[in-house]
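Please read the structure below before turning to the comments.
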Amino acid sequence: MLHLLALALLLSLVSAAPAPGQALQRSGIIGGKEAPGSRWPWQVSLRVRDQYWRHQCGGSLIHPQWVLTAAHCIGPELQEPSDFRVQLREQHLYYQDRLLPISRVIPHPHYYMVENGADIALLQLEEPVSISRHVQPVTLPPASETFPPESQCWVTGWGDVDNGRPLPPPYPLKQVKVPIVENSVCDWKYHSGLSTDYSVPIVQEDNLCAGDGGRDSCQGDSGGPLVCKVNGTWLQAGVVSWGDGCAKPNRPGIYTRITSYLDWIHQYVPQEP
């Protein structure tokens, strides 16, 4: 989207935007429940160096040596591989951590703010992981997959359980089922109550919307996977990106649409493990 349109959108969102403590980026699961062990074997906790290796975002294993996440999770102040670790096979945060080092951090070159799209990044692990029942890559969709409206999909993460209410100990992985919302409907919903002209799109072509009032991702879930079962196979439809608050009426969660970036992903990630 052109800088001018982005500026117009940001100006119109001032009154509706979250307070400083409620960034547009997503961080937690609302309206969901604790995920059964090993149900989502591709789920990743992305950690950043702090007083300890703190959970920053979610992510997904898409190859034994590659993790997919959101670009806003790794920048702009964090760019070096040594700034990050990855945790797989984790049901509860910080319990029996076995953190894996990263060798490459690759944000999409067109990313500069979540509202403008391209909110996607790749992390290469120093070594491939061993695949097991508990650790498996998620399947990426074919370019032709559209994920039609009302498809029931799942989003997972360790984010907030309500607006401004962090996930309490023992920090279990949460899951929630969310319906896909057609992009034009999602865009109309986001314009509702704003002064932004309807000719200025809020939802981008490379976005995918999902969720309704009471069921959504939230702060801390950013970068995590939105998965949909198609013909018996779990496909990653989106990467948790942004939204206005969490689980608000007329404010579905906004995801990066994986099919928009398959060519870019496969510049780096082998299509066969």
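Just so it is clear, glycine is given a Cβ too, placed from its N, Cα and C backbone atoms.
Note that the structure is a prediction, hence the values are computed from the model and not measured.
Summarising the annotation, Swiss-Prot assigns signal peptide to 1-18.
What Swiss-Prot records for 29-270 is domain 'Peptidase S1'.
Annotated disulfide bond per Swiss-Prot: C57-C73 (among others), in sequence order, evidence recorded as sequence analysis. Neighbour density for C73 (disulfide bond): within 10 A of its CB lie 26 other CB atoms from the protein chains shown.
Secondary structure at H72 (active site, charge relay system), taken from DSSP and collapsed to helix, strand or coil, is helix. Swiss-Prot lists H72 (among others) with the feature active site, charge relay system, giving similarity to another entry as the kind of evidence.
The active site, charge relay system annotation in Swiss-Prot covers D119 (among others) and rests on similarity to another entry. When secondary structure is read from DSSP and collapsed to three states, D119 (active site, charge relay system) falls in the coil class.
In the three-state DSSP classification, C228 (disulfide bond) falls within a strand. Cβ environment of C228 (disulfide bond): F147, S151, Q152, C153, W154, I180, W234, L235, A237 lie under 8 Å away, each six or more residues apart in the same chain. The disulfide bond annotation in Swiss-Prot covers C153-C228 (among others) and is backed by sequence analysis.
Taking a C-beta cut-off of under 8 Å and a sequence gap of six or more, C186 (disulfide bond) has these contacts in its own chain: V203, N207, C209, P252, I254. The disulfide bond annotation in Swiss-Prot covers C186-C209 (among others).
Taken from Swiss-Prot, the feature disulfide bond applies to C218-C246 (among others). Secondary structure at C246 (disulfide bond), as computed by DSSP, is coil.
Under the heading active site, charge relay system, Swiss-Prot lists S222 (among others). Annotation note: S222 (active site, charge relay system) sits in a coil segment as assigned by DSSP.
Proximity of N231 (N-linked glycosylation site) to non-local residues of its own chain (separation of 6 or more, Cβ distance below 8 Å) is seen for none. The N-linked glycosylation site annotation in Swiss-Prot covers N231.
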- Query: Hey, which of the disulfide-bonded residues C57, C153 is the loneliest by Cβ count within 10 Å?
  - Reply: C153
- Message: Please give me the CB contact count at 10 A for S222 (active site, charge relay system), counting all chains in the structure.
- Response: 31
- Note on the structure: Here the Cα-Cα span from C57 (disulfide bond) to H72 (active site, charge relay system), rounded to a whole number of angstrom, reaches 9
